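> What follows is a structure written as C-alpha cells; I'll ask about it next.
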Amino acid sequence: MSDVIEEKIKNYRTAPFDARFPNTNQTRNCFQNYLDFHRCNKALSDKGQDVAPCDWYQRVYKSLCPMSWVSKWDDQIGDGSFAGRI
C-alpha cells in the first residue's frame, strides 16, 4: 500500500468533505461508502490482493452511518435481500 494512503488512514479523524455530496444531509454519502467498502473487498478478494485499502471506506461509513442502519444492511446482505449492488 502506498505511503500516502497509509498516512491518510493513520491521521483519519472523521469523514472528509466529498464534493459528490455537498448538502448537509449525508445519508447518500453514508450508503455510497458502505457500498464502496463491500465492492472494494469483493474486487480485491477475487483477485487475491490485500484488502487493506478498503479500510478507508469502512472508516468513513462508520463515522457517517447510524450503526442500526449498518447492522440492518449487514443482515440483509447475509439474507440475500440487500437492495444495493455489490
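Cβ from N, Cα, C; glycine included.
Because TrEMBL annotations are produced automatically, they should be read as predictions rather than curated entries.
Pulled from TrEMBL, these are the listed features:
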{"type": "DISULFID", "residues": "C30-C65", "note": "disulfide bond"}
{"type": "DISULFID", "residues": "C40-C54", "note": "disulfide bond"}
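Map these features onto the structure and tell me what's around them.
The Cβ of C30 (disulfide bond) lies under 8 Å from the Cβ of Y61, L64, C65, W69, each of which sits 6+ residues away along the same chain.
Listed in sequence order, V51, P53, C54, Y57 are the same-chain residues six or more apart from C40 (disulfide bond) with CB atoms under 8 A from its CB.
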